[in-house]
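Contents: one structure, followed by commentary.
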Amino acid sequence: MDVVYFNWLDYLVFGAMLGLSALIGIYFAFFAKRKQNTTSEYLMGGKTMGMFPISMSLIASYISGISLLGLPAEMYTYGTQLWAIVLSEWIVSVTIAIVYLPVFYNLQITSTYEYLRLRFNQNVQLLGSIIFIIKMLLYIPIVIYVPALAFNQVTGINLHLITPIVCLVCIFYTTLGGIKAVVWTDTLQTILMYFGVIFIVIYGTWRIGGVGEVMRINEEGDRLEFFNMDPDPTIRHTFWTTVIGNYFSWLASCSVNQAMVQRCLALPSLKKARITILIMAVGIYVIVSLCCYTGLVVYATFASCDPLTTGAIRKSDQLLPYLVMTITGSIPALPGIFMSGVFSAALSTMSTGLNSMCGVIFEDLIRPAYNKPISEKTASFIMKIIVVIIGATCVALVLLVEHMGALIQAGKSLAGITAGSLLGLFTMGLFMPWINASVINLKYPRNKYKLMLFTGALAGGITSTLLVGWMSLGTQAAMLRGDIVIAAKPVSVAGCPGNITIPTISSQSSIEFDRSGTFFLYRISYFYYTLIGMLVCVFTGTIVSFFTDPNDPAMVHRDLLTPVIHRFLPLQSPQCIRPRLTQHDIELHAREMEELCAQAAFMKEKCAGIDDLQKQKSKLGQ
C-alpha cells in the first residue's frame, strides 16, 4: 500500500489552527478589556469565566493526544476491556462536586496546595507542590510526543523537528494570554477534536459496512472483552482494575489537581462550578467512548493486514494516523483537520499544565521566599519567565519518552508515582482531622546530636511517593529488559498484497504477564498505582500521627474539612483558629479595598456634583 502524506491544503488547515491559537493569546495580552497583568487575571481569569469555556477546557485538559491515539491503539492491540473506565468517571464527577470542590471554593485559594499549608503546615505544602511539579514534568513530555509521532506518520517530518515548533506556539499563547487564552484556545481545540474523531468514526464505519459489521469483525478477532472478572491484581486490565483502579486514578487527576481545580475556582459561584464538573463528565464519557470505538474501526479496517507486522508503521500509537491517511487521504483537507484535532488535544493539555505549574511555582515556591510584597508588574514578568523555562524543559524531556512502551500505560504509570501521594495528603486533610503535621526536634544532651522526626502528613507523602516511584520505574525497566511480557491479541497479514509470511502466534498469548520470576510489585497492574499510593500515604500518616501526638479533631476548623464528615465530628472548640490568609490574599484584599475606596470617593464626588446642580436649579426656580 502506497504511503500517503499531507498535501498543501492539509498544511494550510493545520497552520490555520496553530495561527488562530497564537492570535487568541495575542488578543488577551494586548486587546482585551482586562489585561493579563495581575496574578488574579493571569491565573484565575478574575473569577469571571463562563461555564461553557471552562467546561470545554476541562474536557480538553483530560483528553490529551494520549487518549486520541492511545485508546484506539489499546483497543486494536489488547481488546476493549479498558473501555470500562467510563463507568468510574461518572462516580468521580459526583465525588468531586460533593466532597472536594466545596472546601477549595470556600477557601478561595489560588494554588490547590495552599490548602495543605492551611490544614497542615508550609512543609507539607512544599511537599505537595514539588510532587505536583514532578508529576507534570513526567506527563507533559508524553503529551508533546504524541502529536509529533502522529505528525511524523502523516508528513514524514522528523518528530524531533516538529516538537519544538508545536511547543513554541503553545508556550507563546500561554505566556502572553494567561488562563483566559488557555481556556479559549482549549474551547477551539475541543471543537476541532470532536469534529475530527466523529468524522473518522462515521466515515470509517460506513466504509466497512455499518456498526454491525465492525462488531462482527472485532468479535472474530477476539477484541470484544468487557467483563473479565478475574480478581488477580497482576492482570493488566480486568473489570476491577479499569473501574476501581481508574476511579482513584481519575479522582487524583481531577479533584486535587491544580490544573483542574484552578479552572473551577475561576468560576463566580460554587453552583456553576458543580454544573461545569457534570458537563465535563458528559463530554469525557462521549469522547472516550468515541476513541474506543475508533479502535474497533481501525481493527475492522486492518484485520487481515496488520500495519505493524508489514512495517507500514513503527509503533501501535501510529495506527489511527495511518488509518486517516489510508481512508481519507484523497479527501481534501480532512487529514489536516484530523491532525489539527490531535494537536489541539495535546496543546490544550500542555498549556493547562504550563499555566497550572506556573501558578504553583509562583504562589508556593517564589512568593513565600520574598520578605516583602511583590508588585503585580514584577509578578507578571516572573510568571511569564516560569512558563518559558518549564516549556523548554518539557521539550528536552521528550527524548526519554520515545523509549517507553504503549502511551496509555506509560502515562498512567508515571502519573501514578505522584497521584497516589497527592490524593493521600488531601484525603488525610479533608477526612482525618487527627492527622498531624508538626515537626518534632529531638535534642540529645549537650546538643551534640539532633534528630528531626517528620510526623503525620509529611511522613505519609514521602513514603508513598518513594514506594510507588520504585514500583513504576522498576516495572518500566523490567518491560525494557523483557522480564515482563504483555501479550497482544492475535493479528493477521493474510489479506496483504504481495508475499508476506503470516507470523506464528505464541501459544502463551493469553498470558499477560510472565509470572515466573519477576518481583510481585512490578507485576501489579499500573491502574492500581494511585490506590496503592493513597493507601500507603494514609496508613503511614495515621500510624505516625498516633505515636507523635495526634490532633484534637475539635481544634481543626470545619472550613478545612469536607462537609461530608461534619456530622460525625465533635463540636468545634471556641478556641479553634480559622485558616490564616496567605500574603497573596492580604495583598489582594488590600487592592480590593483600595479599589472600593476609589469607587466610593468617585461616587461621593459625583453625588456632590449632583447636589450642587440641584441647588442651582432650586435657586433658578425661586
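Yeah, the Cβs are placed from backbone N, Cα and C, and that goes for glycine too.
Quick look at what TrEMBL annotates:
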- 12-30: transmembrane segment (TRANSMEM)
- 51-70: transmembrane segment (TRANSMEM)
- 82-105: transmembrane segment (TRANSMEM)
- 126-151: transmembrane segment (TRANSMEM)
- 157-179: transmembrane segment (TRANSMEM)
- 191-209: transmembrane segment (TRANSMEM)
- 237-256: transmembrane segment (TRANSMEM)
- 277-302: transmembrane segment (TRANSMEM)
- 322-347: transmembrane segment (TRANSMEM)
- 381-401: transmembrane segment (TRANSMEM)
- 413-439: transmembrane segment (TRANSMEM)
- 451-473: transmembrane segment (TRANSMEM)
**Report entry** Residue numbers, six or more beyond the limits of the transmembrane segment (51-70), whose CB comes under 8 Å of its CB atoms
**Finding:** 142-143, 146-147, 149-150, 182-184, 186-187, 189-191, 193, 197, 253-254, 259-260, 263-264, 266-267, 272, 275-277, 279-280, 283-284, 287-288, 291, 317-321, 341-346, 348-349, 352, 406-408, 411
Report summary line: For the transmembrane segment (157-179), the candidate among 12-30, 191-209, 237-256, 277-302 having the most Cβ pairs under 8 Å is 12-30
**Report entry** Stretch with greatest number of CB pairs under 8 Å, the transmembrane segment (82-105) reference, 12-30, 126-151, 191-209, 237-256, 277-302 candidates
**Finding:** 237-256
Report task. Mark yes when the transmembrane segment (277-302) and the transmembrane segment (12-30) have three or more Cβ pairs under 8 Å (sequence separation 6 or more) and no when they do not. Result -> no
Query - Segment-segment contact (the transmembrane segment (322-347); the transmembrane segment (126-151)) at 3 or more Cβ pairs under 8 Å - result: yes
Query raised in the report: Other than its close neighbours in sequence, what residues sit by the transmembrane segment (277-302), given a CB gap under 8 Å and a spacing of at least six beyond its ends?
Result: 51, 55-56, 58-59, 62-63, 67-68, 71-76, 80, 82-83, 85-86, 89-90, 92-93, 96-97, 101, 190, 193-194, 197-198, 200-201, 204-205, 207-208, 213-215, 217-218, 221, 223, 264, 319-320, 323, 326-327
Report task. Would you mind listing the long-range same-chain contacts of the transmembrane segment (126-151), meaning Cβ under 8 Å and 6+ residues beyond its ends? Result -> 64-66, 68-70, 111-113, 116, 157, 159-160, 162-163, 166-167, 257-259, 315, 317-318, 320-321, 339, 342-343, 345-347, 349-350, 353-354, 356-357, 360-361, 364-365, 390, 393-395, 397-398, 400-402, 404, 407, 410-411, 414-415, 417-419, 421-422, 425, 458, 461-462, 465
